[in-house]
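**Q** If you scroll down you'll find the structure; I have some questions about it.
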Amino acid sequence: MVTVRREKDSMGAIEVPADKLWGAQTQRSLEHFRISTEKMPVSLIHALALTKRAAAKVNQDLGLLAAEKASAIIQAADEVLAGKHADEFPLAIWQTGSGTQSNMNMNEVLANRASEILGGVRGMERKVHPNDDVNKSQSSNDVFPTAMHVAALLALREHLIPQLSALTDTLRDKSHAFADIVKIGRTHLQDATPLTLGQEISGWVAMLEHNLRHIEHSLPHVAELALGGTAVGTGLNTHPEYARRVAEELATITAAPFVTAPNKFEALATCDALVQAHGALKGLAASLMKIANDVRWLASGPRCGIGEIAIPENEPGSSIMPGKVNPTQCEAVTMLCCQVMGNDVAINMGGASGNFELNVYRPMVIHNFLQTVRLLADGMESFNKHCASGIEPNRERITQLLNESLMLVTALNTHIGYDKAAEIAKKAHKEGLTLKASAVALGYLSDEEFDAWVRPELMVGSMTPGR
């Protein structure tokens, strides 16, 4: 039999498991929102703890909170940040759209734990109050968006950007290493004029470099914090210096460039910063999907596909076809990119649907945002380690396909004109001839002229990979 204790909120008393630190409002949420399995992300829980820690420190500094209470709240928050009490945050994403219940979940846990630190008990006789002390100078309406931005910015800076930079570096190295390998290009899935493998990969590098700039450009808006706006953005019940000082405290303890939002009404009423930042992440997903698809097409085979590059063979690919090996890293990346694009639709809908002074789609928005960051960061790390770093050219196959291409005839345009060059290509294709044989048979040029004018290595231009 589960031992319980009585907890009380503005709606009255309710029984709570005696071994849990949470209180009445958390218990009500557990009972009223038994929806699916998605819980508040751990990084969001930690961001809430950071927010409460900073608020307690600033409230103490401003003379609004007793030093012993502030110290106990800070210690309790540090325990949460250290990974303790992880099972004290059981609430579903699918709850109130303001995140109020998760804010109160944190308030109740920290209040009960702080009370114990001060020698008191958890429950209605506790020494620290979840609203009056832990939530002092705050509202769920400014706390939750603040925690969203803290979690989002830290995830981008600490996880996604390093992995994006690492993958970019790997592909840049490959681009330089393969700069002298001339291969056939392809447009519309048809043969086109030559380029080097290094040039082809340099396009991927530039895509990722642009994506990094777009993501970094979104960070200053994400760094703006709503804390201090309280209920509707007016700052009701806060000290005049509170908003600025609490943002500075969060910047200090996270070593991140957080600032107080210049307009708290925007900060509470919208999720625009995360909508825009996620748009940059969706752009990254689009680029990664293109790169992964190019890699698996170029590596297709081993005997009946394009086969211009080889990628690492990591695991068996079929339960029925012996010896088959598949481009599994590419497949994982393309799947997660699809999920990111779906997340973007949900975030756009949530961001567009806030009414008046408060957006109430916040738990869904941050859940999808953090999932996107995790998927992209983990996906790039895996793709880099198990695929991109092991890409190698199949020089024999590249040369074979290059020599068989009819599009080398493009080099003759400036010598004999487009129409005659097209006639050479069509005759070669129809009769199964080489371009040279077709050109000589038509009498448009000699063997020597063909060899002098149709030189794939001179058709790739002067574009240096990486520029």
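In case you wondered, yes, glycine gets a Cβ from its N, Cα and C as well.
Sequence annotations record features per position, and here Swiss-Prot assigns active site, proton donor/acceptor to HIS188 based on sequence analysis. Residues annotated as active site in Swiss-Prot, with sequence analysis given as evidence: SER318. The feature substrate binding site is assigned by Swiss-Prot to 98-100, ARG126, 129-132, 139-141, THR187, SER319, 324-326. Taken from Swiss-Prot, the feature site 'Important for catalytic activity' applies to GLU331.
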**Q** Restricting the comparison to the recorded positions HIS188, SER318, GLU331, which residue's C-alpha is spatially nearest the C-alpha of ASN141 (substrate binding site)?
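**A** Closest recorded candidate to ASN141 (substrate binding site) by Cα: GLU331.
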**Q** To the nearest whole angstrom, state the Cα distance for the pair the residue listed as 'active site' and the residue listed as 'active site, proton donor/acceptor'.
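**A** Rounded to the nearest whole number, the Cα-Cα distance is 30 Å.
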**Q** I'd like to know which of the binding-site residues THR100, ASN131, ASN141, SER319 has the most other Cβ atoms within 10 Å of its Cβ.
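**A** Its Cβ has the most other Cβ atoms within 10 Å: ASN141.
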**Q** What is the number of other Cβ atoms found within 10 Å of the Cβ of GLU331 (site 'Important for catalytic activity')?
**A** 13
**Q** Let me know how many other Cβ atoms fall within 10 Å of the Cβ of VAL325 (substrate binding site).
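**A** Taking all protein chains shown, VAL325 (substrate binding site) has 15 Cβ neighbours within 10 Å.
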**Q** Quick check on the recorded positions HIS129, HIS188: which one has the highest count of other Cβ atoms within 10 Å of its Cβ?
**A** HIS129
**Q** Tell me whether SER139 (substrate binding site) sits in a helix, a strand or coil according to DSSP.
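**A** The three-state answer is coil.
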**Q** If you count, for each of the recorded positions SER98, SER318, the other Cβ atoms lying within 10 Å of its Cβ, which residue has the minimum?
**A** SER318
**Q** Quick one: pull the CA-CA distance for THR100 (substrate binding site) versus GLU331 (site 'Important for catalytic activity'), whole Å only.
**A** 39
**Q** Secondary structure at SER318 (active site) (DSSP, helix/strand/coil)?
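**A** DSSP assigns SER318 (active site) to coil.
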**Q** What is the interatomic distance between the Cα atoms of GLU331 (site 'Important for catalytic activity') and SER98 (substrate binding site), given in whole Å?
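**A** So the alpha carbons of GLU331 (site 'Important for catalytic activity') and SER98 (substrate binding site) sit roughly 36 Å from each other.
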**Q** Give the distance between the Cα atoms of SER139 (substrate binding site) and the residue listed as 'active site, proton donor/acceptor', rounded to the nearest whole Å.
**A** 55
**Q** Quick one: what's DSSP say for THR100 (substrate binding site), helix, strand or coil?
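**A** Note: THR100 (substrate binding site) is helical by DSSP.
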**Q** Can you tell me how far the Cα of SER98 (substrate binding site) sits from the Cα of the residue listed as 'active site, proton donor/acceptor', in Å?
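**A** Here the two Cα atoms are 48 Å apart.
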**Q** List only the single closest residue to the residue listed as 'active site, proton donor/acceptor', chosen from the binding-site residues HIS129, ASN131, SER319, VAL325 by CA-CA distance.
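**A** For the residue listed as 'active site, proton donor/acceptor', the closest Cα among HIS129, ASN131, SER319, VAL325 is found at VAL325.
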**Q** Test of understanding: give the count of other CB atoms lying within 10 angstroms of the CB of SER139 (substrate binding site).
**A** 24
